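Okay, so here's the structure we're looking at.
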Amino acid sequence: MADSMQLAGIVLAGGESRRMGRDKATLPGPRGAATLLEYVVGVLTQRCDPIFVMAAPGQPLPEVSARIIRDEIRGQGPLPATGRGLRAAAEAGARYAFVCAVDMPLLSPELIDDLVHLATETNAEVVLPWDGRSHYLASLYRTDLAERIDRLVAGGARSMRALIDASDAQQIVLPESRFLANVNTEADLRALAQARA
């Protein structure tokens, strides 16, 4: 693990995928991975242990080397799922967790290394990449933020921005932002496939 930090991985896979029209977790994966979920878990496995996949109730998932945690209620957004994942990571002894979306076909372990390095230097509660915009779902979060998330959710918050605004967050400017690309539509998927060809 980078900088010898105990680092968990959390993959948010339970989103509704409205723009895509089908479950992103089961989309074809890059570099020989059968699905996007398998690819993202494979990347996280290189830097994170344990790994948790946050999934919707009843959502079918491919077999992966990760613990599956089901949302209690469908469609609540990423904040409650992140809180449950951070709580599980804290219980497993991790101080930080890399939290990402399942729809990142160019994700790289080097991105995680860059975030861990800044977290080690600053002890920030959140370290997130910036490439003209903040990427909340490709960031490092301290696991002790689970309680704060519970309070935010109890107050009606559902977006990750609410957590960032209530935290000591540090941003890292990335010279190479392609690792942050995500797929939201069939056109995005085709464009990435063509770029890899």
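Keep in mind that glycine also has a Cβ here, set from the backbone N, Cα and C atoms.
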>> According to Swiss-Prot, Leu12, Ala13, Gly14, Lys24, Asp103 bind GTP; which one of Asp71, Asp144, Asp150, Asp165 is annotated to that same site?
In response: Asp71
> Are there any residues in the same chain, six or more apart in sequence, whose C-beta is under 8 angstroms from the C-beta of Ala13 (GTP binding site), and if so which?
Replying inline: Lys24, Ala25, Leu37, Val53, Met54, Ala55, Ala56, Gln59, Leu61, Val102
>> Please identify which of Asp71, Asp103 has the densest Cβ environment, defined as other Cβ atoms within 10 Å, among these binding-site residues.
In response: Asp103
>> What's the number of neighbouring CB atoms sitting within 10 A of the CB on Gly14 (GTP binding site)?
In response: 26
>> Among all protein chains shown, how many Cβ atoms are found within 10 Å of the Cβ of Lys24 (GTP binding site), not counting that one?
In response: 23
